[in-house]
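Feature annotations, reproduced from Swiss-Prot:
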DOMAIN    187-379  domain 'Glutamine amidotransferase type-1'
ACT_SITE  Cys267  active site, nucleophile
ACT_SITE  His352  active site
ACT_SITE  Glu354  active site
Amino acid sequence: MTSDEAKKARFCLHGGPSYEGYSFGAPVSVGGEVVFTTSLVGYPDSMTDPSYKGQILVFTQPLIGNYGVPDGSVRDQYGLLKYMESSKVHVSAIVVAEYAWEYSHWTAVQSLGDWCRKEGVAAIGGIDTRAVVQYLRESGSTMGRVDVEGAAASARVVDPSKVNLVAQVSTKSPFYIPGKPSRVNYDVALVDCGVKENILRCLVVRGVNVTVFPYDYDVCSIAHHFDGVFISNGPGDPIHYRNSTVANLRRLLQDPDLQQVPIFGICMGHQLLALAAGASTVKMKYGNRAHNIPALDLSTGQCHITSQNHGYAVDAATLPRDEFVPLFVNLNDKSNEGIIHVSRPIYSTQFHPEGKGGPMDCSFLFDEYVERMRCYRKLFRQEPFIRFPVIGLPKARVL
């Protein structure tokens, strides 16, 4: 497709302004929650991040598509997707100021527009994204829609915060990814709420064998087979999972035989862990989605630049202070960015320490997690230890 062949399109904000532009994606009309990211690079990573499920993503970077899209099927030496965060695009649509009709990059195999058309994703350019973001910052995240000329109108727009989105992106059955061969390999049970490939990569490169379980799996019943439990990122409102994931995590926290099991949560996993501990979460006005957000480590006083993608936050004032205390705080809006247990090896972060795309300032948190598993195995794990049976399990998410 060329700029001369592009169809007209319209981007409408519910109860707000509408904008005329051009379509460079799939000829479909769709709706969803409108959110924005200020990230300068990494649009393939963002679009395939399960945390964006059901959302219309507005890019503030003025020019999008200039380095094309790499081959999404390429895998690394660990069998993980090398250039994408999952095997499919999860955004409902993308909105950009200017689309780069010509692209150039040594890894690119297709244009962003061609990729969107193949994936059935609406994409609209020629939009004043600066004005859109100013509106969202003042009015808060809202529902919206992208209508493409000649495309059938989409069904009634459904607010993704009202839907169990995690069930749509989580694996349906367990799968197993062996860690990098090391002198010692630790075993982790990962609760899949929509885990990104680079989170898995950050574990396996450190010699961690990862068994991934569905979001509603009773992790408490199998935690004794592992050296640690990990709770992943994911989309939507965490309160939806109070009777499934949160209830399972609460049993895990309360089990007297599992008091020293290391637990690490990221993003949605952070929120679910906080809910299981008895805290509350709140919906943010417009959320934090960027690669350059400063977070203060309250234990050291050091500031880190972090990658973030969330529309909900933990209310730190509701934490049970005899058990959990804040670990990180956002220096822009003072929202909570992490919690840690006062005596047990349990902590979580709202931001993404795996940083893809984005900075790797906080990748040391994965090293700390491995060290906690080393201590747990040496000091607390009961013998004989029976590992969870992984023979015959698939090595990729089952959808």
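Just so it is clear, glycine is given a Cβ too, placed from its N, Cα and C backbone atoms.
Model confidence over the domain 'Glutamine amidotransferase type-1' (187-379) stands at 97, taken as the mean pLDDT rounded to a whole number.
Within the same chain, residues at least 6 positions away in sequence whose Cβ sits under 8 Å from that of Glu354 (active site) are Lys196, Asn198, Ile199, Arg201, Cys202, Ile266, Met360, Ser363, Phe366. His352 (active site) carries a strand DSSP state (E or B). Counting other Cβ atoms within 10 Å of each Cβ, the active-site residues Cys267, His352 show the lowest value at His352. Separating the Cα atoms of Cys267 (active site, nucleophile) and His352 (active site) is a whole-number distance of 7 Å.
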